[in-house]
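*Asks:* So that we are looking at the same thing, I have put the structure below in C-alpha cells.
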Amino acid sequence: MGCCKVPALIQAQVEMGLVNDVEHKSLFRRDTDSPQRKAASLMEQGSLSASFRECSTKTPNNSVLQSFKIVILSNKLNLLLPFGPLAILLHYLTDNKGWIFLLSLVGITPLAERLGYATEQLACYTGSTVGGLLNATFGNVTELIISIFALKSGMIRVVQLTLLGSILSNMLLVLGCAFFCGGLVFSQKEQVFDKGNAVVNSGLLLMAVMGLLFPAVLHYTHSEVHAGSSELALSRFSSCIMLVAYAAYLFFQLKSQPSSYTPLTEETNQNEETSDDDEDPEISKWEAIIWLSILTAWVSLLSGYLVDAIEGASVSWKIPISFISVILLPIVGNAAEHAGAIMFAMKDKLDLSLGVAIGSSIQISMFAVPFCVVIGWMMGAQMDLNFQLFETATLFITVIVVAFFLQEGTSNYFKGLMLILCYLIVAASFFVHEDPHQDDI
C-alpha cells in the first residue's frame, strides 16, 4: 500500500506542475499570430479603420458584367446614381444653380459609399499595413476631391468650412447616432469600449485644435512679426508637423502597438468574433483598382459642378454658404461612415463605431486639413489654418464635449441623444452665422 501511494503522490505532483505550467503559459502567451490576425485584433480595438476586415485569399474570377452587377446593381443606394448625369445635363440647359447643386450632392452620395466598398475589397489583398494606409487615404477622398476643386477655384473658405463640417459631423452626428441606436438595442446595459484608445484619439483631436487655434489667435491679437505673412508661414509649418504626427500615429497603430502579450481568453474571444466577420472578397484586386479609378474620376467630375453651383445655390435658397459648406456637404461625404458606425453599434461593437467616427475625424483634422494647406502652397493659394474665431471656437468646444463623453469608456442612448442635440445647436448656429470673409469664397 505504501509503495503504491508514493508513486501516486509523485504522479499527482507532476500533474499539478504540468497544470500550473500550462496555466502560466495560457495566461500570457507570445503573440506569434499572422499579421492579418493581429490586424483583426487591432481593428476590434478601434485602431484600424473599421472598413478593413479579414478576408479570405480566394480570388474571384468575374466577368465585366458580373463585376458591374456586384459593384453597381447590388446596392439600393445606387438608385441615386442617375442624379449625377442629370445635374451635368441641367448645367448646360439651365442656369438654376440650386437644382444643379442639389442633384450633384445627391449623385455623389452613392459614389462615396462605393468608394469605401472598393477600398475594403482592395484591402483584402494588401495586408494590414497597406490596407490601413488605403483606408486612411480613401476614407475621406470625397472631401479631399471637393476641397481640391474649391482650391483651384480660389474658394478657400469653402475648403475650410467643408473640412470643419466633416469633423463636426463625425464627432457629433455620426457618433451620436451610433451611441443612440446601440443604446436602444442594448437598453438593459451600458455598452463599453476601449477607454485607453479613446483617450489617445481625444489627444490627437486636441492637437488638431491647437494647430488651428494659434494662427487664429495670432491673427486676432495682431501680434504677427510680419503682418500678413507670419500667419501663413505658421500655418504651413504647423501643417507639416501635423502630417508627421499623423504618419507617426499610423505607424504606431499598425506596427508598434504594444500588444505582444495577449490574455488567452481575450484572444480567443477576438478570434471567434473576427471569424464571424471573415468573408471572401467579391471582386478581384485589379477589379477593385479599376473601380477605384472610375469612381474617383466620377466623383471628381461631379465635384467640379458641385463647387461651381455653391454660390448660386446659396443665393437661390437664401441659405448662408457657411451652412451649406459645414452642414450639407459633409453629410454626403460621411454617408458611408454614418451607416457603418450605426451598424457596428447595433452589434455591440462600439470600438469599431469609434474607429469609424473618431478615426475619420482624426483623418480629416490631422491629414486632410494640413494636406490641403500643403496643396494650396504648391498651387500658390494662401490656404492657412486660420479658420476664423467662430469656427475655431465651435471645433474646440466640440472636441471638449466629445472628450468628456468618452472618458468613462461607456455609452448609452442618452449620451447619443445629447451628441445629436449638440449637433443641432451647431447646425442652427451656422444657419444664422454670416461669414465675414465672403470675398474669399
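Heads up, the Cβ atoms here are built off N, Cα and C, so glycines get one too.
The transmembrane segment feature in TrEMBL is assigned to 77-93, 99-117, 129-151, 163-186, 198-221, 233-252, 288-307, 319-345, 352-379, 385-406, 413-432. Per TrEMBL, domain 'Sodium/calcium exchanger membrane region' is recorded for 99-254, 289-430.
On this model, are these features tucked inside or out on the surface, and what's nearby?
*Replies:* Cβ atoms under 8 Å from those of the transmembrane segment (198-221) belong to residues 46, 167, 171, 230-231, 234-235, 238-239, 241-242, 245, 249, 354, 358-359, 361-362, 365-366, 369-370, 384-389, 392, 395-396, 399, 402-403, 406-407, 409 of the same chain, restricted to positions at least 6 beyond its ends.
Counting same-chain residues at least six beyond the ends of the transmembrane segment (233-252), those with a Cβ under 8 angstroms from any Cβ of the stretch are 132-133, 136, 204, 207-208, 211, 214-215, 218, 226, 362-363, 366-367, 369-371, 373-374, 377, 383-386.
Remote same-chain partners of the transmembrane segment (288-307), defined as residues 6 or more beyond its termini with a Cβ less than 8 Å from a stretch Cβ, comprise 67, 71, 84, 87-88, 91, 100-101, 104-105, 107-108, 111-112, 114-115, 118-119, 121-122, 125, 138, 141-142, 145-146, 149-150, 153, 155, 158, 281.
Panel annotation: around the transmembrane segment (413-432), residues 168-169, 171-173, 175-184, 187, 319-320, 322-323, 326-327, 394, 398, 401-402, 405 of the same chain, lying at least six beyond its termini, place a Cβ under 8 Å from a Cβ of the stretch.
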*Asks:* Going along the chain, which residues at least six beyond the ends of the transmembrane segment (352-379) come within the CB cut-off of under 8 Å?
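*Replies:* The answer is 43-44, 46-51, 136, 139-140, 143-144, 147-148, 151-152, 156, 159, 163, 166-167, 170-171, 174-175, 178-179, 182, 193-194, 197-198, 201, 204-205, 207-209, 211-212, 235-236, 238-240, 242-243, 245-246, 249, 334, 337, 340-342, 344-345, 385, 402, 406.
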